[in-house]
Every structure is written in structure tokens, then in C-alpha cells.
Amino acid sequence: MDRHTPTPDNPWLALRNLTPARIALGRTGISLPTGAQLDFQYAHAQARDAVHLPFDHAGLRQQLSDRGRDSLLLHSAASDRHQYLQRPDLGRRLHEDSAQRLREHAQANPGGVDLAIVVADGLSALAVHRHTLPFLSRFEEQAAAEGWTSAPVVLVEQGRVAVADEVGELLGARMTVMLIGERPGLSSPDSLGLYFTYAPKVGLTDAYRNCISNVRLEGLSYGMAAHRLLYLMREACRRQLSGVNLKDEAEVHSIDSNNTGTKSGNFLLGEG
């Protein structure tokens, strides 16, 4: 007797070309096909590896130096990866030695800056390795054209989002943007998140931050992320706030679904 159970055709199969999401996986009897099971296990392994991948800060600093950008290497209060994962609060503050180094830098460079750019490994150093330099290339070119000033790029080992508040406060920056590896998903182990804050200081909650997420080749493009961040910077300085009271209403150009050309506006607000 032939015990082979064929995998039936799935009418949704064509939709898989439009999304990396796990849809139209098919079935063999009442189970998933072997290929889908193996793909899931592989994606799960990639996500776990992304969380534990060491932060190659030396390589990133060298790349920044090659582009003519100064950088500072700091460490959070979390001593290692294990403590970082177990104690999120320690990842939100700088180690005292790092905080003192920033104070000395600020004293040697008085006057403050418009923006402090902070880069932390977060939960995916892979995202930071892949996307930090390409994004900064697009963003800093446009920011310089608009006249914004910035401090040396600050790299924080074992850092979480809120550590940028302390960095910005110590540097006297009007604004901070944190580039951090987001929690890996099963289809996105390398998503970079941008967290923007106006008037940073220790103790701010997430309500005072704006998030631009999923910056990667398969997600939000570097150019669009830079466009949205610059919009937030301009509006934050004009209105002197950030977070839930500052909505992203940046105009974006998209292709009309009827192929009649381009249109502008925020599609989330039904404009254009």
C-alpha cells in the first residue's frame, strides 16, 4: 500500500510572493509539510542567534572613522549579555565610568549640539551591523544639508532604548535618536529601530519617544526612514515636544494603485 500522503495545492500560494509572512504553508494530512517545519526551525535559530551575536563595535567604529566620523564607545550598567537580558533596567543606564567620560567630553566641547546619535546592540546586533552605516549615509547627508549639528556617534554595549536619554542629557543635546536592534521575529532577525526624543533626560517614559521601526531592505527603506526622522526633528523643534503628541505626518510619494502616477500625502490619514 502506498502510504505517501500528497501535499494538496493551496489557492493562497501566489500570495507568498507578496510577503515574508508564513502564509499558505500547505499541509500533509493534518500536519505542516516537512519543508515548512524546517523553515520555521531555521528562522527560530536565526532569531536566537541574533539575540546573542556579539556587538562588533570595533568594526563599526572603524567604518565610521573611514567616513570621517568620530565616535565614543560606552557601556551600560549591565555587565554582560546574561545580565542585560535578565535586568532590563540596567541596560537603560550608563555605567558610571561611561557617564563620567561623557561629562568630560561635554566639558571639553561646550555649547551642546542639535542631535546625539546613539547606537546600541539591543536585541539584534545583526541589525546594527547590517543597517547602521547605510542608514547614516542617507540621513547625515540630508541632515548636513539642513544645517543640523551632531555630536560624535555614541556606541553603547548592552544598551536599551532609554540609555539614549542619559547620553543626550550629558552631552547637552536638544534631541537624541537611538539606533537599536529590534527584538527578532521569525521573518525579520535584522530589523533596526529608530527611537527619537526631544529634550532628552533621565526618567522619560516611552510616551516621550517616537519610533520608526523595521528599517531594513525588506522593510522601511533607509531613505524613507531618514525622511521621517528629519520631519520629526523639524516638527519637534518647532513644537518643542516629541512622543505621543507628535504625529508622523510626513508627506511621502507613492505609486497610485490605479497606475495614474504618483500622489503625495500620508496614506494612514487618507490624504493625497
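Each Cβ is built from the backbone N, Cα and C atoms, and glycine gets one as well.
Lifted from Swiss-Prot, the feature list:
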BINDING   V161, E182, C211  adenosylcob(III)alamin binding site
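Everything Swiss-Prot records as a feature, shown here on the structure.
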residue: V161; record: adenosylcob(III)alamin binding site; DSSP (3 states): coil
residue: E182; record: adenosylcob(III)alamin binding site; DSSP (3 states): coil
residue: C211; record: adenosylcob(III)alamin binding site; DSSP (3 states): strand
For this session: Using the structure shown, find which entry in V161, C211 (the binding-site residues) has the sparsest Cβ neighbourhood within 10 Å.
Result: C211
Problem set entry | adenosylcob(III)alamin site, defined by V161, E182, C211: further same-chain residues with Cβ within 8 Å of the Cβ centre | G122, M178, I180, G193, L194, Y195, S213
Exercise. Which ones in the same chain are close to E182 (adenosylcob(III)alamin binding site), with CB under 8 Å and 6+ residues apart in sequence?
Worked result: G122, L123, S124, A127, S188, S191, L192, G193, S213, N214
